[in-house]
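Trainee: Grabbed the feature section from Swiss-Prot, which reads as follows:
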- Arg22, Glu85, Arg124, Lys459: (6S)-5-formyl-5,6,7,8-tetrahydrofolate binding site (BINDING)
- 231-236, 250-256, 275-278: GTP binding site (BINDING)
- Asn231, Thr250, Val252, Thr255: K(+) binding site (BINDING)
- Ser235, Thr256: Mg(2+) binding site (BINDING)
- 221-380: domain 'TrmE-type G' (DOMAIN)
Amino acid sequence: MDLDTITSISTPMGEGAIGIVRLSGVDAVDIADKLYKGKERLEDVTSHTINYGHIIDPESNEVVEEVMVSVLRAPKTFTREDIVEINCHGGILTINRILELTMTYGARMADPGEYTKRAFLNGRIDLSQAEAVMDFIRSKTDRASKVAMNQIEGRLSDMIKRQRQSILEILAQVEVNIDYPEYDDVEDATTEVLLGKSNEIKTEINKLLDTGTQGKIMREGLSTVIVGKPNVGKSSMLNNLIQDNKAIVTEVPGTTRDTLEEYVNVRGVPLRLVDTAGIRDTEDIVERIGVERSRKALGEADLILFVLNYNERLTDEDRKLYEVIKNEDAIVIVNKMDLDKHLDLDEVKDMIGDMPLIQTSMLKQEGIDQLEIQIRDLFFGGDVQNQDMTYVSNSRHISLLKQARNTIQDAIDAAESGVPMDMVQIDLTRTWEILGEIIGESASDELIDQLFSQFCLGK
């Protein structure tokens, strides 16, 4: 594939130890050579070497910067094109000047994600691997980065390719049946093979979909809402979990008048913590807005932490809150265990039934470990770090897998009902195409452009 040569700054803008300008394309080395002065021309250096020299403005012959230049020849590069990386001192002025020179002498400013897009278009990675690159960049826990790295290395892709190959084998058998309809034994054998392999494919798709919830948590974070009536210790809990003081903690009920969000790594599980305003009837218009936002956050939550006060009796307000959350994934936290007891724990247990209950003192930082373990076990059922690393974490992949499961089931139902094989073939072919969309074998140009537009510039 013959593409023009692109350039961009690949390091964050601002002062820093180094800055990198990256070029990729057929003219990458030639353009860099026009700006570089060193011991030998970049055109003549060995691939995958770093070369010391200077960037010169050819028009004025002025030395712009002292640099180290990496030359990487196709096809053994990320994009499978020639790549040049100019390493200079960090700083906005110099790196921008080098970037401008590369564009003056023939390169085009890269679009967001264009390097990764070229890696996909040139066959180095498939679409699911390309999407995993962004997941890796955005990872908020070690676990999430390992899951993304497994996908970059092709673990999910290999699974999808195996299922597509199995479908092709079924389709080949179906073709024999269509070509020789007069042989009953061929039809019987075809139906037997089709049902056996199709059910195996459906089982494998279901296994992948079973990881979807956990995978999305790894990718996007577990949306966790802390809820309770005012002044039960919700903000103190947030602060203990994030070990920060973003949420204001006072003795005045209703201090948190908005939803506050923080990401935190809880035993390998990324939590997107949302501390809400206390949900209660209020005449304060500002607090009322916060209460409405709290209700909205509750409706979107993956997990709810329902906080009660050990120092107060159970109230109608507590019961109303429980009614709102009783059908959700929730953990009940009895806080302020360091104070005098006024809460009847048996009454609480009767109300919440099988819902997990943890006793804490946020002031003395007691019970935090038990809470973290309960959160982990509720969604991952044990040690997150020691579980298998293959998850489906992307909403697009999950949607396509569900479609593929439906169409393979249609093929199974049709075969069992004695529908003609050429009709069954349609469902099988559609399943093969849907699975291909996951890895980009049958994705539209519009979808590809949309996915890569979400990447950062320089990646």
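Cβ coordinates come from backbone N, Cα and C, glycine included.
Tell me what's around each of these sites.
Mentor: According to DSSP, Arg22 ((6S)-5-formyl-5,6,7,8-tetrahydrofolate binding site) is assigned to a strand segment.
When other Cβ atoms within 10 Å of the Cβ of Ser235 (Mg(2+) binding site) are tallied across all protein chains shown, the result is 22.
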Trainee: Would you kindly give the Cα-Cα distance separating Arg124 ((6S)-5-formyl-5,6,7,8-tetrahydrofolate binding site) and Asn231 (GTP binding site), rounded to the nearest Å?
Mentor: 55
Trainee: Which of the three DSSP states, helix, strand or coil, fits Ser235 (Mg(2+) binding site)?
Mentor: helix
Trainee: In whole Å, how far is Arg124 ((6S)-5-formyl-5,6,7,8-tetrahydrofolate binding site) from Ser235 (Mg(2+) binding site) when you measure between their Cα atoms?
Mentor: 48
Trainee: If you draw a 10 Å sphere on the Cβ of Glu85 ((6S)-5-formyl-5,6,7,8-tetrahydrofolate binding site), how many other Cβ atoms land inside?
Mentor: 19
Trainee: Please report the number of other Cβ atoms within 10 Å of the Cβ of Arg22 ((6S)-5-formyl-5,6,7,8-tetrahydrofolate binding site).
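Mentor: I count 25 other Cβ atoms within 10 Å of it.
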Trainee: Can you count the other CB atoms that lie within 10 A of the CB of Lys234 (GTP binding site)?
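Mentor: Neighbour count, Cβ to Cβ under the 10 Å cut-off: 29.
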